[in-house]
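**Student:** The following block contains the structure, expressed as structure tokens.
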Ligand SMILES: NC(=O)c1ccc[n+]([C@@H]2O[C@H](COP(=O)([O-])OP(=O)(O)OC[C@H]3O[C@@H](n4cnc5c(N)ncnc54)[C@H](OP(=O)(O)O)[C@@H]3O)[C@@H](O)[C@H]2O)c1
């Protein structure tokens, strides 16, 4: 029996790579649901190739646009908005839900999938950052499984296989440093959008690429790691590793460090999540260690990249603060991409928003959504002042 997969965010970078993996293993997986948002042309191609039963886009207008492009004989069900996303994240027949939507829009469909006890392959780190505790507790209760697609967390999951939790000394998250790591503090004040999007190793969506340039991406991953692996924050360390071949490491109480090393290819962690707990053969390109020559490591500069500090702070404060960090960051990144604020204003806007927030502890889903909404409003106000 083929496993039935629904993919949220199938028109994006992770979504497309997930479909590439599924195409290679068409005898193992079948696609039952897809969601795009605005890119109906790409979704139309995917529908023709994978023939899902349901597809979701942004609104009624995008549904009409997609319907016009589709073959008349197609009997696919077309839905829109959050309701549509929840429909496919909770599809009765779906065995695996891949969540690869950018931003907080991923939270409600992920939460609903967890409530249904699904196996979820999660790329959307924002959902785990905003509501990690809630998602993890609910998953335990409903017997759901949340597996990471992010290469760092996939690496940690692989290093921890067959290891005892109380033998972990620390988790070491590697960071490429993003596009701007070697810029001076003065140069960082005049960064253009093109500079910030020029990632040295990964080709990704714009939001995550800017997060990599501010190093907020690593901060978000620290929060993600805390919830995925139930590790105290003081045991999660970041190391700059510009070559990005080591995707992350775990140091154990006997001084041993295990690392997961592979090519810069998101299809590898995607495949690992889809087949988990099994490892399966593929023909993706192989890393040739003698061609790389050197692997280097250095300490991150928290002063030059204050977003990492803000993420650690949000995690230490807890409650709704990580949701506020995430919401303010999404607004600031969009404002930078719209040329409304400078690159160096991004951490200031997040910091100012966090300063004004009174966190609520043990938040439920409404508390988290309220905190996210509040943070967006407040951060927008700070963007206008910039
Ligand atoms: N790319 C990577 O290598 C990578 C690695 C690790 C983790 N991640 C994480 O994976 C997630 C996706 O990243 P990505 O690089 O694949 O992003 P992306 O290329 O920008 O794709 C985002 C996807 O989400 C859809 N979308 C956008 N806004 C939406 C909304 N409000 N509601 C529902 N769907 C929406 C997009 O649809 P349309 O394009 O049709 O508008 C697209 O399918 C992010 O959380 C990112 O941090 C990515």
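A Cβ is built for glycine as well, from the same backbone N, Cα and C atoms used for every other residue.
Checked TrEMBL, it gives:
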type    : residues                                    : note
DOMAIN  : 5-132                                       : domain '1-deoxy-D-xylulose 5-phosphate reductoisomerase N-terminal'
BINDING : 11, 12, 13, 14, 39, 126, 205                : NADPH binding site
BINDING : 125, 151, 152, 176, 199, 212, 217, 218, 221 : 1-deoxy-D-xylulose 5-phosphate binding site
DOMAIN  : 146-229                                     : domain '1-deoxy-D-xylulose 5-phosphate reductoisomerase C-terminal'
BINDING : 150, 152, 221                               : Mn(2+) binding site
DOMAIN  : 262-377                                     : domain 'DXP reductoisomerase C-terminal'
**Student:** Do any of the binding-site residues 152, 199, 217, 221 touch ligand 1, in the sense that the CB is under 6 Å from one of its atoms?
**Tutor:** none
**Student:** Could you give the Cα-Cα distance between residue 126 (NADPH binding site) and residue 199 (1-deoxy-D-xylulose 5-phosphate binding site), in whole Å?
**Tutor:** 20
**Student:** Least buried of the binding-site residues 125, 199, going by other Cβ atoms within 10 Å?
**Tutor:** 199
**Student:** Enumerate same-chain residues with a sequence separation of six or more from residue 152 (1-deoxy-D-xylulose 5-phosphate binding site) and a Cβ-Cβ distance below 8 A; give 'none' if the list is empty.
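**Tutor:** Once residues fewer than 6 apart are set aside, residue 152 (1-deoxy-D-xylulose 5-phosphate binding site) is near 173, 174, 221, 225, 247, 248.
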**Student:** Which binding-site residues (12, 13, 39, 125, 199, 217) fall within 10 Å of residue 150 (Mn(2+) binding site) by Cα distance?
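**Tutor:** Neighbours among binding-site residues, in sequence order: 125.
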**Student:** Fewest neighbouring Cβ atoms within 10 Å: which of the binding-site residues 13, 217?
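**Tutor:** Selected from the binding-site residues 13, 217 on minimum Cβ neighbours within 10 Å: 13.
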**Student:** Once the DSSP letters are reduced so that anything not helix or strand counts as coil, what is residue 205 (NADPH binding site)?
**Tutor:** coil
**Student:** Other than its own, how many Cβ atoms are within 10 Å of the Cβ belonging to residue 14 (NADPH binding site)?
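**Tutor:** Result for residue 14 (NADPH binding site): 27 neighbouring Cβ atoms inside 10 Å.
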**Student:** Which of these binding-site residues has the least crowded Cβ, counting other Cβ atoms within 10 Å: 11, 39?
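**Tutor:** If we count Cβ atoms within 10 Å for the binding-site residues 11, 39, the smallest count is at 39.
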**Student:** When a 10 Å sphere is centred on the Cβ of residue 205 (NADPH binding site), how many other Cβ atoms does it contain?
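**Tutor:** Cβ-Cβ neighbours of residue 205 (NADPH binding site) within 10 Å number 16.
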